[in-house]
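What TrEMBL says about this one:
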{"type": "TRANSMEM", "residues": "12-36", "note": "transmembrane segment"}
{"type": "TRANSMEM", "residues": "48-65", "note": "transmembrane segment"}
{"type": "TRANSMEM", "residues": "100-118", "note": "transmembrane segment"}
{"type": "TRANSMEM", "residues": "138-158", "note": "transmembrane segment"}
{"type": "TRANSMEM", "residues": "170-190", "note": "transmembrane segment"}
{"type": "TRANSMEM", "residues": "238-256", "note": "transmembrane segment"}
{"type": "TRANSMEM", "residues": "276-297", "note": "transmembrane segment"}
{"type": "TRANSMEM", "residues": "309-328", "note": "transmembrane segment"}
{"type": "TRANSMEM", "residues": "386-404", "note": "transmembrane segment"}
{"type": "TRANSMEM", "residues": "410-431", "note": "transmembrane segment"}
């Protein structure tokens with residue numbers, strides 16, 4: 001096998017591993033609050049929203065130290081250990097205990113930061129400037145495929161159920177735990193790839209995560225990268241893009257946890273209310289993969305830059321928020337175990353609910369693909385610190401959103417996303433215009449970005 005074929009094999013294997021792990025985890029997140037609502041008449045008193053708030057809060061803080069962990073342990077072992085913690089979190093639902101649930105939430109927050117830092121290193125080492133776009137697209141498509149399989153199972157397994165029994169819960173979470181463990185084991189098959197760049201070509205990603213026999217040297221590089229991250233945090237471009245990134249964190253919370261809970265709480269959907277949660281997740285995945293394919297893999301053919309894609313994303317999301325506001329009862333995110341019989345401004349429509357799922361996924365992919373693109377363009381020499389800041393802001397905003405989801409009615413959650421989304425779009429436009437002007441001043445072709 002040629003070196004290039006070996007690298008592509010590693011990228012595909014990385015994507016498949018993440019697909020298995022996040023098939024389990026994203027399905028778990030999508031149904032967690034619904035399952036927990038059916039448990040709260042027992043000794044279990046946890047909250048799925050609170051758990052996710054803890055996860056993303058710890059995830060955000062852990063991004064500051066995860067490069068050091070990966071530098072010392074290595075990316076492959078880091079991903080394996082992180083995958084084990086993902087599996088343990090999912091396994092807690094087999095026989096839930098409040099203390100174990102929240103403890104696992106803390107550990108998976110740390111594991112998530114390490115997992116994504118290691119993933120970035122693995123992707124970088126197995127790519128060059130000519131293949132990074134293709135490899136990122138392949139990885140994105142495989143990762144987002146995870147939204148299909150678990151949710152498809154939920155759709156069929158929970159068909160006609162209005163209450164999730166203990167047997168139903170155990171069957172689902174045993175299956176999800178096994179799926180997560182399969183993804184974890186696949187990390188062992190990734191072949192070690194030496195970084196072929198010359199020392200003069202190394203960027204900060206290699207400085208942080210590069211191979212070195214000296215643990216002390218690795219720690220020195222990690223500390224240097226941490227200082228660089230702090231310095232970058234206060235640059236004008238990062239501060240402006242942080243508003244856009246904050247919006248993606250709020251939307252991530254909404255479509256990955258809150259919206260599925262809303263659908264499952266609407267009694268007027270009848271016997272399909274629980275299985276519709278799975279169908280919603282599938283159509284979010286369809287939107288994500290479609291957007292990732294159009295705006296990720298085909299980005300080189302975009303003559304007009306990133307702003308039109310971001311504009312499309314905010315329009316699609318605003319349409320989705322408008323339809324959700326009219327279709328979903330206000331108390332759906334915080335409804336009790338019995339669900340809600342309330343009606344919004346129209347009789348709840350299953351078709352509209354699922355269409356909104358598709359729009360949420362499509363709009364999210366518009367924002368994320370363009371944020372990754374502009375960060376890679378602006379900070380090609382400081383990619384690791386820049387992406388660490390991106391994950392830090394996104395995850396801390398997701399944590400805040402999961403926290404207030406315990407208390408805020410649907411209308412207020414939608415209003416917050418509309419306001420932050422509007423200003424996030426404006427700040428993104430500002431950075432993109434400045435980047436385009438700088439490129440033209442250097443005599444480069446704007447469409448090349």
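For all residues, glycine too, the Cβ spot is worked out from N, Cα and C.
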Can we call the transmembrane segment (170-190) and the transmembrane segment (12-36) in contact, meaning three or more C-beta pairs below 8 angstroms at a sequence separation of 6+?
-> yes
With Cβ distances under 8 Å as the criterion, find the stretch in 12-36, 238-256, 386-404, 410-431 that has the most pairs with the transmembrane segment (100-118).
-> 386-404
Are there at least 3 C-beta pairs under 8 angstroms linking the transmembrane segment (12-36) and the transmembrane segment (276-297), leaving out pairs fewer than 6 apart in sequence?
-> yes
Which range out of 12-36, 238-256, 410-431 gives the transmembrane segment (138-158) the most CB pairs under 8 Å?
-> 12-36
Considering pairs 6 or more residues apart, do the transmembrane segment (309-328) and the transmembrane segment (410-431) have at least three CB pairs under 8 Å?
-> yes
Sequence-remote partners of the transmembrane segment (410-431) [C-beta within less than 8 Å, at least six residues beyond its ends] = 237, 240-241, 243-247, 250-251, 254, 258, 262, 306-307, 310-311, 314, 317-318, 321, 324-325, 328-333, 370-371, 374, 378, 401, 404
